[in-house]
Structures are given as structure tokens and as C-alpha cells.
Amino acid sequence: MTERDRLGLRGLLPPSVVSSQQQIDRFMGDLKRLEQNARDGPSDTYQLAKWRILNRLHDRNETMYYKVLIDNIEEYAPIVYTPTVGAVCQNYSGLFRRPRGMYFSAEDRGEMMSMVYNWPADQVDMIVVTDGSRILGLGDLGVQGIGIAIGKLDLYVAAAGINPQRVLPVMIDVGTNNEKLLKDPLYLGLQEHRLEGEEYVEIIDEFMEAVFSRWPNVIVQFEDFQSKWAFRLLQRYRKTYRMFNDDVQGTAGVAIAGLLGAVRAQGRPMIDFPKQKIVVAGAGSAGIGVVNAASRTMARMLGNNEVAFESARSQFWIVDAHGLITEERVDIDPDARPFARRKSELTHQGLNEGASLIEVVKKVKPDVILGLSAVGGLFSKEVLEALKDSSSSRPAIFAMSNPTKNAECTPEEAFSIIGEKVVFSSGSPFDDVDLGDGKIGHSNQGNNMYLFPGIGLGTLLSGARIVSDGMLQAAAERLASYMKEEEVLQGIIYPPTSRIRDITKEVAAAVVREAVAEDLAEGYRDMDARE
């Protein structure tokens with residue numbers, strides 16, 4: 001009652017004083033009723049209805065929203081983030097009720113420096129920015145991609161404890177090439193084709209200059225930019241700004257942690273990683289990002305010299321939509337070029353330019369097949385059958401494409417065709433598989449949420465000037481070593497989402513230690529780096 005008096009609320013509320021927990025119980029009761037009434041199981045519309053209810057709570061009571069999310073992270077992370085956020089972005093113009101975040105468009109050229117002052121927060125710690133050009137595996141969703149930036153920042157709050165008043169989702173709208181959206185009268189963005197070339201770069205340059213002028217200590221996470229821009233912008237900004245690209249670097253870190261976990265699951269030490277033969281399906285920003293980072297990890301274990309890098313390079317076979325990438329490929333993507341198979345190797349392997357995924361798996365007999373193709377079902381029965389002849393006693397499958405319908409295969413397919421020994425991981429959540437006789441086939445979710453909140457928190461607390469390869473490597477290695485030996489030997493290579501705050505704390509600590517070791521740390525607020 002004293003609080004009601006202080007806030008001038010006496011007489012404006014019913015007499016009963018309801019505690020925070022009672023309010024949460026009432027809200028959860030509403031949400032659970034929805035589950036009981038959805039007889040058909042988790043359909044898209046049912047998941048979207050849950051998102052709507054959570055979103056309305058976010059609008060009216062942010063504190064309670066984050067309390068619900070933190071206490072039920074395992075249940076609601078798939079709603080506010082993958083896979084449901086994909087459906088949210090596809091339908092965002094119709095779901096839109098009130099703005100969240102900031103929108104910078106091609107029409108704001110020359111105005112961004114003054115625009116950033118329209119945001120009410122004097123301090124911003126984290127920005128997640130997208131241009132909507134490649135949302136998950138769903139393609140160009142234009143301005144509707146803001147949903148992914150909002151979802152990622154919800155996880156920064158829930159997993160890393162970042163103050164929700166100090167996060168900012170951003171959409172840079174440079175148009176869309178999605179014809180459906182260009183004709184949709186409800187579409188909220190610019191109804192014109194995407195800007196390209198230098199015009200595009202100038203807009204991103206202006207945005208970066210504006211946000212770092214107002215908030216010099218902010219960290220900017222780039223999210224779901226199409227491959228050609230993801231790499232180019234990362235190289236352009238990473239040496240001068242505190243930024244990283246989650247698709248290139250976060251996905252790579254989570255994949256490396258899983259690959260190191262797969263080595264441990266074979267009962268071998270992580271130092272044996274450079275001996276793993278890895279076939280990669282997909283040569284986009286995620287695929288090449290993973291191969292670059294994994295080869296660097298191998299090379300570091302082998303002594304970090306030229307011979308080590310050459311040896312690491314030879315452990316990868318990259319297959320894209322046109323088949324195996326070799327040096328004979330015309331117009332080869334410069335980012336994939338270092339990993340194109342040499343002519344001399346091909347003769348010895350019995351493979352050639354453009355060889356199919358099945359041929360490559362049959363001939364290479366890999367320890368791991370890694371899917372970052374965004375092609376659902378790419379790991380067909382024939383591909384999985386071919387993996388049975390792997391030279392490893394315990395082959396690993398990483399079907400990492402999001403959302404769920406884009407996964408290269410399901411855990412049921414993997415375990416039923418290859419057997420209980422396989423180690424399975426995916427990007428979106430799947431249930432474990434009952435193998436009978438009390439045995440369980442573990443479905444690991446190699447989700448970026450295990451790393452990006454810790455990378456952001458560690459960079460923030462260390463005050464590191466940039467996000468270095470070493471800091472990202474430290475994050476991946478800490479995630480890889482997080483699981484206990486007995487868990488890994490059962491095929492569990494990633495922890496449950498319920499431990500996300502503890503994982504984030506450990507990853508952030510590893511990032512801080514590495515930033516200090518590399519002499520990049522400048523401290524946080526009034527604390528110096530060592531402190």
C-alpha cells in the first residue's frame with residue numbers, strides 16, 4: 001500500500017495487492033491454456049500465437065517478460081529465437097503493433113548522425129543489426145528481418161544479463177529483391193529493389209560512424225547479411241570497430257566446439273582434431289566461416305606455421321550447389337578458393353570437379369559431414385548410407401541449417417540409417433530419439449546462443465578495442481570443454497539450454513582472459529582491464 005501511495009495509484013487498482021510471482025503465475029496459466037487447446041501439436045500458427053502473447057507481455061511489462069524468459073529459457077528460447085523467429089520475420093508486417101528498435105533506410109542518407117540521438121538511451125552496450133537480406137535460410141525478407149535482431153537481443157538479456165535498457169535492435173533498409181514484398185500493400189519497408197555496390201557500402205559506413213560517435217563503447221553484432229556482404233563488411237570494420245558477424249564467426253565457433261566435442265565423443269583427445277576428415281555441404285558465409293575457423297584451429301594445434309596451414313586445408317572437402325569445389329572451377333568464389341581441392345589430390349581420390357555429395361562421401365569416408373546449405377533433406381538416405389563406411393568408429397553429422405525445415409536431415413533419419421554410434425547435431429531444436437532397450441540417440445542443438453551472448457559480454461567487460469580471432473577461439477574452446485567426459489561419451493556434445501547463463505558466464509570469462517592476454521583490454525566503465 002505504501003508503494004501505491006508513493007506512486008499515486010491508490011484507488012486506481014483493485015484492492016488486492018498481487019505479488020510479482022502471482023502475476024507471472026496468472027500469465028503462465030494463460031499461455032498453458034493455449035498449449036492444451038492446440039490439439040494438433042506445435043504447428044506454425046500455434047508457435048506464432050505464443051510469440052504474440054509473449055510479445056504483448058514485452059510491450060506492457062518488460063521486467064516480467066524477462067523474468068518469464070529467464071526462468072523458462074528452455075521452453076521459450078525457441079519461440080523468441082530459432083525456429084519460431086523465422087515465421088515471425090516472414091509475417092512481421094502483419095504482426096507489427098508497435099515499433100521496437102531503430103530503422104535506418106536508404107532515404108536517411110546524410111541524416112544518420114542526427115538520427116541516432118532520437119534513441120532515448122544515453123548508453124547502449126549492444127546493437128544487433130541486419131539488412132534483412134538473408135534471414136536464417138528463408139532468403140530476403142527486407143525490413144521484416146528486424147524480428148531476428150529483436151530475438152537475439154532478448155537472448156543477450158536472458159543469457160548474458162545485459163541491461164534491456166541498453167540494447168538496440170537495428171534494421172538497415174536498403175530495399176528488397178523479394179517480389180512478394182514489393183507487391184504487398186501491408187509491407188512496412190521501402191518498396192524498391194536493393195541498393196548494390198558502393199551506394200550500399202556508403203550507407204553501412206554512415207550507420208557505423210553514427211552509432212560509434214554517439215556510443216563509442218558499443219558492440220555491434222552483424223546478423224543475417226547475405227554472404228557477399230557478410231565477409232566484405234566484416235573485413236572492412238573488424239580492425240577499427242568493436243564488431244563481429246554472428247553468421248560467419250558465431251556459427252563457426254559453435255561448429256568448432258561441436259567438432260571438438262565429436263573428437264572427444266570418439267574417446268580421443270581434442271588435440272587429435274587435425275586428423276579429422278570433414279566434408280562440408282554449403283559454401284555461403286556460414287559454411288566458409290566454419291571452414292576458415294576450423295582450419296585455423298587445426299593449424300594452431302599443429303604449430304601455426306605454413307606446413308600446419310597446408311595440412312589443415314587438406315582436411316576439408318567443400319561441396320556447393322555445383323558439386324565439389326576444385327581449382328578447375330570457373331569463377332571460383334575468392335573466399336572458397338584456398339579450400340578448392342588440387343588436381344593432384346583429385347586423381348589420387350578418384351574425384352573430379354563438381355562431384356556430387358554422395359560421391360564425395362563415398363570416396364573420402366569422412367569422420368564428419370557438416371551441413372550449412374539451407375537445403376532441407378540434403379543428407380538423403382543415400383548420403384547417410386555412404387557415411388556408414390566412414391573411417392571413424394563414431395561418425396558425426398552436423399545438420400546446422402535453420403529453421404527446422406531447412407535441416408539437412410533429422411536425428412531419426414541419422415540414427416535409423418547409421419545406428420546408435422552416430423553423433424548428431426542440428427541448428428534448430430529436435431527431440432532425442434528413442435533407440436529401444438533404454439538407449440537414447442541424443443539430438444544436440446548447435447545453436448549460436450551458446451556463444452554470442454558470452455562473446456558480447458566478454459568484449460563489453462574487457463573493454464577490448466576489437467573482437468579478435470583469439471577471443472573467438474577462446475570462446476569456442478571453452479564451450480567445447482564445458483561438457484563432462486561421461487556426457488560426451490554418451491554423444492552429448494552441447495549442454496542443455498537450461499544452463500545458458502552458466503555457459504555464457506564461462507565463455508565471457510574465457511573471452512576476457514584472452515583479451516587481457518592479447519593486450520586488447522581497456523577495462524569496463526571505471527575499472528581497469530586487469531581488475
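Cβ coordinates come from backbone N, Cα and C, glycine included.
Now, the feature entries from TrEMBL:
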type: ACT_SITE; residues: Y81; note: active site, proton donor
type: ACT_SITE; residues: K152; note: active site, proton acceptor
type: BINDING; residues: R134, N402, N447; note: (S)-malate binding site
type: BINDING; residues: E223, D224, D247; note: divalent metal cation binding site
type: DOMAIN; residues: 58-238; note: domain 'Malic enzyme N-terminal'
type: DOMAIN; residues: 248-516; note: domain 'Malic enzyme NAD-binding'
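Feature map: TrEMBL annotations on the structure.
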{"residue": "Y81", "record": "active site, proton donor", "contacts (Cβ under 8 Å, 6+ apart)": "G151, K152, D154, L155, N447, M449"}
{"residue": "R134", "record": "(S)-malate binding site", "contacts (Cβ under 8 Å, 6+ apart)": "D140, D224, F225, Q226, S227, A230, D247, G284, S285"}
{"residue": "E223", "record": "divalent metal cation binding site", "contacts (Cβ under 8 Å, 6+ apart)": "V128, V129, T130, I148, A149, K152, N245, D246, D247"}
{"residue": "N402", "record": "(S)-malate binding site", "contacts (Cβ under 8 Å, 6+ apart)": "T82, P83, G86, L136, G137, G427, S428"}
For D224 (divalent metal cation binding site), the number of other Cβ atoms found within 10 Å of its own Cβ = 25
Around the recorded divalent metal cation site (E223, D224, D247), other residues with Cβ within 8 Å of the Cβ centre, ordered by sequence, are T130, R134, I135, I148, F222, F225, A230, N245, D246
Could you tell me the maximum Cα-Cα distance in Å between the residues recorded as binding (S)-malate, namely R134, N402, N447, rounded to a whole number?
-> 18
Averaging pLDDT over all residues of the domain 'Malic enzyme N-terminal' (58-238) gives 95
Around the Cβ of D247 (divalent metal cation binding site), how many other Cβ atoms lie within 10 Å? Please give the count over every shown protein chain.
-> 26
A correct count of other C-beta atoms within 10 Å of the C-beta of the residue listed as 'active site, proton acceptor' gives 27
